[in-house]
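Under the heading domain 'J', Swiss-Prot lists 6-71. The zinc finger annotation in Swiss-Prot covers 146-228 and rests on sequence analysis. Feature annotation from Swiss-Prot assigns Zn(2+) 1 binding site to C159, C162, C216, C219. Per Swiss-Prot, the feature repeat 'CXXCXGXG motif' maps to 159-166, 176-183, 202-209, 216-223. Residues or ranges marked as Zn(2+) 2 binding site in Swiss-Prot: C176, C179, C202, C205.
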Amino acid sequence: MAQKKDYYEILGVPRNATQEEIKRAYRRLAKQYHPDANPGNKEAEEKFKEINEAYEVLSDPEKRRKYDQFGHAAFDPTYGAQGGGFSGGFTGGFADFDFGSFGDIFEDLFEGFDIFGSSRRRKEAPRKGADIQVDLELTLKESVFGCEKEIPIYRTEKCSVCGGSGVRPGATPVRCQKCGGTGQIRSRQATFFGEFTTIKTCDACGGVGTIITDPCRECGGTGTVRRQRRVKINIPAGIDDGQVITLGGEGESGIKGGPNGDLHIRIKIAPHPVFKRVGQDLYVEVPITFVNAALGGEIEIPTLDGKTKIRVEPGTQNGDEVRIKGKGVPYLRGRGRGDLVVKFVIEVPKKLSEKQKELLRKFEELSSEEGYEKRKHFWDRIREAFS
């Protein structure tokens, strides 16, 4: 039997090529050797068939895996056979035999074989398309109150020109010459258990019985195209960093008529210069003067809802907190909102006028330890420690 060319060599790609690289190589070669571009050229026609056969295997992850492991023998049981035996025999006994792969070999060997003497044509079942995951950054305010966003995504979709068939509109696929249109390859093969007749899915046409010789120019015969779409997303109020929104059916196109995959949007919340979120509560540090802290009074503070006024109690200490109910983050289930926690930071002036210094000295003279509880307790402990 003539030695088949390596599928990677046919498409001119390395063995570690990505699916996108394989698709690009196929489109370029299919255009170059297409029968319409080479009328009457038998060599170009054979080359075009080679290209389609190679792409049929390498574009399918499962077929590609088998090809990488077993080569052409993965799809043609008679490939490399000599006189009904096995190519090369067992020259080294069982020393070189990979028993770890025996399960795969056995599965391939008896694919399509029915122990009662009948066979059935296997077709690839519809499969769900792959899911897509993207990150979406929100401001803190957008995450708290919710919003609507529109994001671009790239995904594989069914070709609108050929309807996913891969055939140029107006053209029809031709009958597969390898299987005669049956979609199956029948062969006799010697095995460890005797001689068997096996029926396998045709690797040239993938079991459909036809070959696309006049591919759709929009998708290059793949039946799918890569497009950018803009998807609208409703962001619920109260969503947190790291949470995921799933849009069903917005992922990659389904395979063999299967449903589309899903789109998963992972939320990232940008840091806010003023507020910090902890669960459903918001925290903010508000600087106040030492006069505000000592005398108390009303001050204006920021919230995500706008400015509001709160009261500072006389004698407020640095780090004291006030909790404002219902000014935090909404609960996703609609059970109200968390709180806004205001932490007071007492700011001491670094520059004072002579008049201010004089007044503070008088204030110090009029002060007693009774007005400074922490200071009084500190010195009481010192005296107790050394008495």
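Quick reminder: no glycine exception, Cβ is built from N, Cα and C everywhere.
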Query: Looking only at C159, C216, C219, which of these binding-site residues has the biggest number of Cβ atoms within 10 Å around its Cβ?
result: C219
- line: The binding-site residues listed are C176, C179, C202, C205; by CA-CA distance, the one closest to C159 (Zn(2+) 1 binding site) is C205
Field: the repeat 'CXXCXGXG motif' (202-209) in contact with the repeat 'CXXCXGXG motif' (216-223), cutoff 8 A, at least 3 CB pairs, sep 6+
entry: no
Message: Given a Cβ distance threshold of under 8 angstroms, which distant residues of the chain, six or more beyond its ends, lie next to the repeat 'CXXCXGXG motif' (176-183)?
response: 121, 201-211
- line: On the domain 'J' (6-71), the mean of the pLDDT values is 88
- prompt: C202 (Zn(2+) 2 binding site) to C219 (Zn(2+) 1 binding site): how many Å between their Cα atoms?
  reply: 23
Cα separation, C179 (Zn(2+) 2 binding site) to C162 (Zn(2+) 1 binding site) (Å, whole number): 25
- prompt: Three states by DSSP: which one describes C176 (Zn(2+) 2 binding site)?
  reply: coil
